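Noted in TrEMBL for the protein shown:
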DOMAIN    2-52  domain 'PROP1-like PPR'
REGION    54-89  region 'Disordered'
COMPBIAS  57-71  compositional bias 'Polar residues'
DOMAIN    175-321  domain 'PROP1-like PPR'
REPEAT    234-268  repeat 'PPR'
DOMAIN    362-588  domain 'PRORP'
REGION    599-639  region 'Disordered'
COMPBIAS  617-631  compositional bias 'Polar residues'
């Protein structure tokens, strides 16, 4: 039975799995938790429209994307369930004594692999139908399968072609959806009656079946049952209820799901946040939209294109134009920005009126090329950084043997600090499988030139990279010795993971980290998704090579995160496939009136200001120029080394002084000659 169900799961064969279930019932074969979990998974997948074939027990199965073409009309409703052979009585799960279904052995099916069905996706795709699109359709029919046919069953009357193969899964017909849904609840009822212990995967599957009927309350009840059964809900557990409530526009219940998530230590990711944002936009709730923008700021930082389109829709709406304060205290807003570390204030919508939304890019100087606003570089709290370094060290100490990491910490205390750390293996293996130390040398020499001190960066390499084979050749040995003599090389011991070493050193010294490693491995996932991405953004230096040598891609000039300005304007970065900061698209959002005023001020000539006398020097009442700087030797004397400085001073003075009807330009010229140590000769 288990082998047969595994094959059905592997091929996405829901009809075959149901036939195995019917066979077990006829022959009175007792089914265990594992069998029920597989059956419910397949039935729930078919009920939402798509079954994804996967290797059984792999624990990495992707939960099915809901059919975006399903509408309220095509969804199965609870009344239709009563028309089949099953009378639907199992829907009243509250009457079942689920307290008796707790697995007293503490097993949630992890050993069998199905408690972690699709452990990597966390039901993200469960919301895809709600946000955007579905997999491409094609007409390939599912290959014929050999089903167990002993005895009759009520699936034999389903028409051929009711199941079609998709590029990313098997799409089933409405007839199969209804049949799988009815049989799925029948299987769940049988599981309850047999007192088979529940697990998270089984309850989540039931929630997905409820979602396919549009029954968000039942889907949410499945999650609420988990705590009473001693089961910790996961992110994917909440997806069905959240999807159902968002799809129906029930914003209060949708945010009740989010509240329940947070209370149980489960944090929504972009698919969940996008669904909540969509329902907030749909019902015109400005306060909820504002809340969701800040949730996206802290959780996602840069938004997907679909979320960006949704945000644009909000700001183009009439509801967005109506919300906002006409009067506010700028001092409180500035204080809030400062206290929050910069880049946001959280004081609510500022201003009223229509919004202007434009796509733009950010220059190398951190200025928006659309509005000219300087984007913030959000500070990293020193205490937070110190705690982060300690957490990395504590994890590394537990994983490294023979106190090797503690020895490294002492070595850093003696030879540090460093201005940069180089991930030697990542650099030496760049674009090829063979380690080339000359590439490391080029990067080391190149990054040194970035610092006024020209101090050597720290090179971290595993000890197997510095000896033996090609490394014993004279040219390579000379490089290793050069780094060692400069106290700039640390060789990690056998059996260690050098990732912990270069990461800790970069955090400890608050310095740059030269690596193309995006640090997405499981070891970095231990560090969480809060501080670590912010730290990476400010400290990681990517690199490449050209004919002229290494090319460094320094940290961006501003924090690539949703930013809210003191005036209530927004800048929202959009995620892209390559994430090249120079080419990244941002949304520049401000009130239309503010944008017009900025454009007018940028194109309108300045109004002449009356000049006033100050110790014999003519100055405008409103100084627009930069104060000239005295010469270094303290004497106002012209030298051939300073023409640019004098030119800039002269330009500043003349640009700050405007001609008026009441004053002559002669005093301004005299002032310029005195400061510049020269004579201005020109003809009018």
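Using N, Cα and C of the backbone, Cβ positions are placed for all residues, glycine too.
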Report summary line: The mean pLDDT across the domain 'PROP1-like PPR' (175-321) is 95
Query raised in the report: What counts of helix, strand and coil residues does DSSP assign across the repeat 'PPR' (234-268)?
Result: 27 helix, 0 strand, 8 coil
Report task. Summarise the domain 'PROP1-like PPR' (2-52) by DSSP state, stating how many residues are helix, strand and coil. Result -> 39 helix, 2 strand, 10 coil
